[in-house]
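Visitor: First, the structure itself, so that you have it in front of you.
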Amino acid sequence: MSLPSLSRRHIQDYGDASSLEPHWGYADRVVPCTNDAGSCAYLDVVYGAHDRGMLYTGIFWLTIAAVLIPWGCWRLKTWLEGSPLSRARPSFQSQPPSFLSRLHHTISAVFRRHFMPETASRPMTAIFGHTTRLQLLVLAMLVGYLSIWSFVGIWYNTWITPVKASPGLYNRRTSIGPWADRVGVLAYALTPLSIMLGARESLLSTLTGVPYQSFLFLHRWVGYVIVIQSIFHTMGWCLVEARFYQPQPKVWTGFVAETYIVWGFVAFVLLLLLLLFTFPFVYNRLGGYETFRKAHYILAMVYIGAAIGHWKQLACFLVPSLGLWGIDRGLRLVRTFILHNSGQCPGKQGAFFAPTPAQVSIFEDPTDGDIVRLDFHQPEPMPFEIGKHYYICFTEGSIWQSHPFTPLNDPEYDLKQVVTDEFTSRERRTLLVPHSYILRAKGGETRKIAQLVAQKIQLALTAQSTEKADDTDNATPLSSGTTPAVYTATTPVILTGPYGQSYMSEITDDSNIICIAGGTGITFVLPILLRLAREPFARSGKTQRKLRLIWAIRRQSALSWIAKELQRLRESAHDIQLDIYVTDEMPAATPQLFTDSPSIAEDASSSGGEEKVASESSPAPAVGTLTHTMTSGGRPDLPSLVSAFTAETIAGPTAVVASGPVSMITVLRKAVAESNVPSKVWKGDMRHSVRLIVDDRIE
């Protein structure tokens, strides 16, 4: 006698069926049931539990939609009201906040005070990493919600039924099977959510405005939940088929030989490999993060295919998952093509796709790794928004790798237009947006690029010395005063982006700004000061806002990284306080923060047809001052500095913009949370409404 097939596994004879009852996501049921009473009761539980499970997955996704759709509508309304066409500049007159304004700020202050800090428990940090209480609350709600749907709607019982072909043997049918099916269905239903949470071209970010990197914590833990559900699903059915069904081992041998079970085991193994490769001690041994990222993509897609092979009736969850992944990858390619299809640029007419040549400056630092600075102009439809970042691929290293970096410049400062005459028939204008980045060559791709650039510089300097040329087009030593020698070369780059959230939309005209950065984190906080210092309202003296920058660096030579930007702040600043903390050395007796000429020379060259683009925020004579202090031998006391800053403000809320080491962000979360006093905000004192804007990219 042949072993039971999938349809016969539920003791149903489809050959003698008078009619079939369809069930979405499951095998059709033979009606009426002609088996013994126990088997019929068991089948009632199996199909009833499955139908309710499918209903619960629908409720689960409707719940997500009920959160996202109103959120997206509210965000659209806010965007329309805050657009340049409908936004009016405030008069800066002292006006008491309205009831709705006080209510909004008070609720926000309550959430920030209680849910912004990270968990103080070391075991929790070891398990969940450096995550906020809000992230843990959302995860707990999701897990609790799924736990409820995993157990409700199932009749728990045991049925002892005879085995027709083996008199004297009995099958033990329990609700473990229906329950294992339920958690399996939920694992399938979670797969599209996991893809959405991990996408860079994120639909969730579009609807909520929350940057895609903020969803990566949930992406990781939804993956863990799927693994746990798959383990329970597999263990449940292995127990049923290996112990409860008779005769053994005949039933088990036939069970594991069925095609859909083979695919199930393949999917399970792939899922375990996905889990294994998420641990740093594993992927670091196999080639690093880039190896993990590519293996993660491949394994995830093969896993989804194997899951379809295991239970094609639930492909309604898996095919959309493949579609979401394909859309994400496709949109990335479209973004890159739009940026680099630059046939209209000088020297690239007719080019289908061309990398952008970037000037690379090397700041030698043998202790912590050299600093690399990139400067270039990129053709773009419009300037990028401050706070967003790009993924940069260095084509001379590997075209298969790209890394996220935040521009450190104000894109509206040095805009250019290229005017071309295509076949003398019409004039075309292309906007050239300035980009500047700094990155530390720790290892991997950045270290490789730093070494390639150093080789270019060495070859160029050798040729220069041999030929006794006055200068060279490939490498130019730049004077940097007391700082280490700085040399430049060029390297082609490919950009994808911009990504992330523009935090300028969260800065109101009466907001006080304190920027806090550690090391290369200055790239995230500096652009907002460059923008605000040049705004007409900042220069007119009509605003009472306070602006302050706190930058912790290891050595004073780090000032040369952003010498050009510091010079611009000095030329156009309005009452900005700049505090430099040098932690690993004693600065010069008379530290020189500014020089007559910046370390990074302005790009004076221009191709034919280039012209500056004027904007209403163009530099103008400053009405304020840029005061600065330099402290050595210690780290800044961030809680005290934040508390003192908010106490010194005259009016308006405060925004703390920060980027730096994880330990610094942990301290700031707690300090900012404690600075929020909901009771005072409710009374109209907005100085106690303090928000934290932090760079939480995963590099």
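Any Cβ shown, glycine's included, is placed from N, Cα and C.
Residues or ranges marked as transmembrane segment by TrEMBL: 53-74, 136-159, 221-240, 260-283, 295-311, 511-530. As annotated by TrEMBL, domain 'FAD-binding FR-type' applies to 353-505. Residues or ranges marked as compositional bias 'Polar residues' by TrEMBL: 592-608. Taken from TrEMBL, the feature region 'Disordered' covers 592-622.
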Visitor: Looking only at residues six or more beyond either end of the transmembrane segment (260-283), which have a C-beta under 8 A from one in the stretch?
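Guide: Distant contacts of the transmembrane segment (260-283): 6, 220, 223-224, 226-227, 230, 234, 289, 291-292, 295-296, 299-300, 302-303, 306-307, 309-311.
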Visitor: Should anything in the same chain at least six residues away from the transmembrane segment (295-311) have a Cβ under 8 Å from its Cβ atoms, list it; otherwise answer none.
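Guide: Apart from its flanks, the transmembrane segment (295-311) reaches 184, 188, 191, 259-261, 263-264, 266-267, 270-271, 273-274, 277-278, 283, 286, 318-319, 321-322, 325.
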Visitor: Give residue numbers and ranges for long-range contacts of the transmembrane segment (511-530): same chain, 6 or more residues beyond its ends, CB-CB under 8 A.
Guide: 371, 386-387, 405-410, 413, 437-440, 503-504, 545-554, 558, 561-562, 565, 568-569, 576, 636, 638, 641-642, 645-646, 649, 652-661, 664, 668, 687, 695
